[in-house]
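Annotated features, as they stand in TrEMBL:
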type: DOMAIN; residues: 98-147; note: domain 'LRRCT'
type: REPEAT; residues: 150-192; note: repeat 'EAR'
type: REPEAT; residues: 196-238; note: repeat 'EAR'
type: REPEAT; residues: 242-289; note: repeat 'EAR'
type: REPEAT; residues: 291-334; note: repeat 'EAR'
type: REPEAT; residues: 338-381; note: repeat 'EAR'
type: REPEAT; residues: 383-425; note: repeat 'EAR'
type: REPEAT; residues: 429-471; note: repeat 'EAR'
type: SIGNAL; residues: 1-30; note: signal peptide
């Protein structure tokens with residue numbers, strides 16, 4: 001009996017005591033129901049209504065049971081898209097008397113007002129001027145142009161370069177850079193995991209000014225143009241995984257190369273070299289079986305600076321810019337299998353670089369000048385006419401490019417930062433868009449890399465900078 005009594009407490013069996021203790025523990029450890037947030041200091045609240053005064057914004061943490069919300073005649077000019085989050089019972093809203101700035105930050109409100117079942121008293125815009133005194137409820141969504149873009153620095157390559165050429169080979173993305181300071185053509189490979197350009201290989205080139213990759217019949221070749229010591233063509237050997245020299249380019253013909261263009265005409269591969277020496281000649285080379293062979297001397301004695309191949313309307317053309325005369329247009333003759341001089345772009349003498357683009361049905365030329373304004377010209381059927389002049393003293397490089405339907409123009413200078421312009425379709429001209437801290441660029445190169453849209457700016461005086469094109473929603 002004594003032992004049995006020892007296992008009883010206050011007349012309760014031990015099992016009953018244990019159960020009681022467990023119940024007490026569960027009650028102590030159980031979570032309490034969340035408290036209803038208190039009414040904000042600037043408001044007075046009843047069970048289902050909130051009245052707010054002297055507020056510069058709609059107060060946060062309003063009771064979720066609120067049905068009516070009176071915030072009229074306050075100093076509210078902007079509303080966060082999360083303003084009414086959690087107010088699931090809201091059926092009436094009064095925002096009258098507030099000076100709303102009807103910019104992209106209220107686009108969400110216009111959308112919300114169009115779909116909500118909440119009764120909302122009329123709200124008026126105080127700004128901008130074009131929306132002043134307009135009802136927010138009546139604003140058309142199409143009036144909110146809230147998507148903008150930007151070029152942001154993405155990667156810095158710690159070396160100068162004077163040309164950049166992206167290329168695809170065996171399903172991988174690469175970039176060839178001419179680096180005279182490093183005496184090399186540097187090949188970088190895009191890392192799709194790290195989303196960066198990585199070192200891959202180098203081709204010796206003591207005075208490289210251009211490294212032009214070409215993939216012909218699944219074989220990779222790189223034309224290495226040098227100021228001194230001759231120019232060469234290298235071939236990538238997949239068995240030894242290295243570049244080997246394939247052939248020399250005639251040093252008597254190509255003395256001082258300045259630019260390279262590679263293209264196909266009627267299934268045949270060609271490349272052209274612009275020569276800027278007094279005694280050289282811009283020359284055309286054609287691929288035949290196992291090498292590139294001299295095909296045509298195009299433009300001797302004119303110190304040519306840049307080339308642009310245009311294949312429009314089934315009429316291949318080559319435009320050659322020169323520091324000593326107006327750019328010359330050559331048209332391909334299919335009967336002669338050569339380029340034939342077609343005319344000159346007389347409006348722009350001594351152009352340093354020439355590029356082209358199409359907008360709608362129109363064709364345009366962009367020409368940069370070291371002294372004087374750069375020019376945008378439109379083809380009128382029989383001649384070019386000037387549509388725009390861009391200040392560009394000291395310019396040696398420009399490049400139009402298209403990103404997701406938006407057309408830009410990068411214009412460099414040796415005396416100021418690089419200017420990015422955006423094409424305005426309505427005005428048919430470029431408008432100043434952004435300034436990039438790139439000095440003395442020698443080329444610009446647009447390179448899509450997966451979901452990254454990149455603009456590369458090789459610089460003669462500093463690092464090669466890689467910018468990424470980003471789209472920003474101002475209404476977010």
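From the backbone N, Cα and C atoms, a Cβ is placed for every residue, glycine too.
Bear in mind that the values here come from a model prediction, so they are computed numbers and not experimental data.
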Segment-level pLDDT (mean, integer) for the domain 'LRRCT' (98-147): 89
Best-contacting stretch, by C-beta pairs under 8 Å, relative to the repeat 'EAR' (429-471) and drawn from 150-192, 196-238, 242-289, 291-334, 338-381: 150-192
Within the repeat 'EAR' (242-289), residues counted as helix, strand or coil by DSSP: 0 helix, 33 strand, 15 coil
For the repeat 'EAR' (338-381), sequence-distant contacts whose Cβ falls under 8 Å of one of its Cβ atoms, 6 or more beyond its ends: 284, 295-296, 298, 305-308, 310, 312, 317-332, 387-400, 402, 407, 409, 411-412, 414, 423, 425, 428-430
